[in-house]
Amino acid sequence: MAEKPQPVEVLYCGVCGLPAEYCEFGSEFEKCKPWLIQNAPDLYPDLLKDANGKDADKVSDQLQSTSISEGSSTSKQEEVKRLPGGKIKKKERQEIVIEKVTRNRRKSITTIKGLDLFGVKLSDASKKLGKKFATGASVVKGPTEKEQIDVQGDISYDIVDFITETWRDVPASAVFFIEDGKKVPAV
């Protein structure tokens, strides 16, 4: 009877997280070299020839000091902001959300959120929307304390075309409608 094949144990790099055999293809190979010399000398014999035991310590110290001076470790900490209680603040996605709110049974208001994330000045945008659809439009603070545009009436039928034609930086794939509490792509 044949023996069962045993699972292969893979050594993962402590610096980049890739399998040690693939470190040379990663973007942080220079940072991985000292770790590879210490933990996997048989995989990269060229590294062992280049740096003897003493040189490896010097190289690792040098790389650690340069990574701190470049600010790569601090930039990762800056990207992830923590709120009180340890919650991580997510980076805001660039998307435009259009919602139609009905009031007094027949009146409706169309709110446009996220237009400012594409570099559009909201006061100019509200003027253009008011002129195009012949209605009142204003910039107001929403429930999340972020500014949004409120337009009187139901203009959801033409709003996507108008936004993508007027502001070329806004892709149609970034525009969403809120229907029945669910976010639905406009395109």
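Even glycines carry a Cβ here, placed using N, Cα and C.
Taken from TrEMBL, the feature compositional bias 'Low complexity' applies to 65-75. Per TrEMBL, the feature domain 'SUI1' maps to 96-167. Taken from TrEMBL, the feature region 'Disordered' applies to 56-85.
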Helix, strand and coil residues within the domain 'SUI1' (96-167) as assigned by DSSP: 24 helix, 26 strand, 22 coil
Rounded mean pLDDT for the residues that make up the domain 'SUI1' (96-167): 89
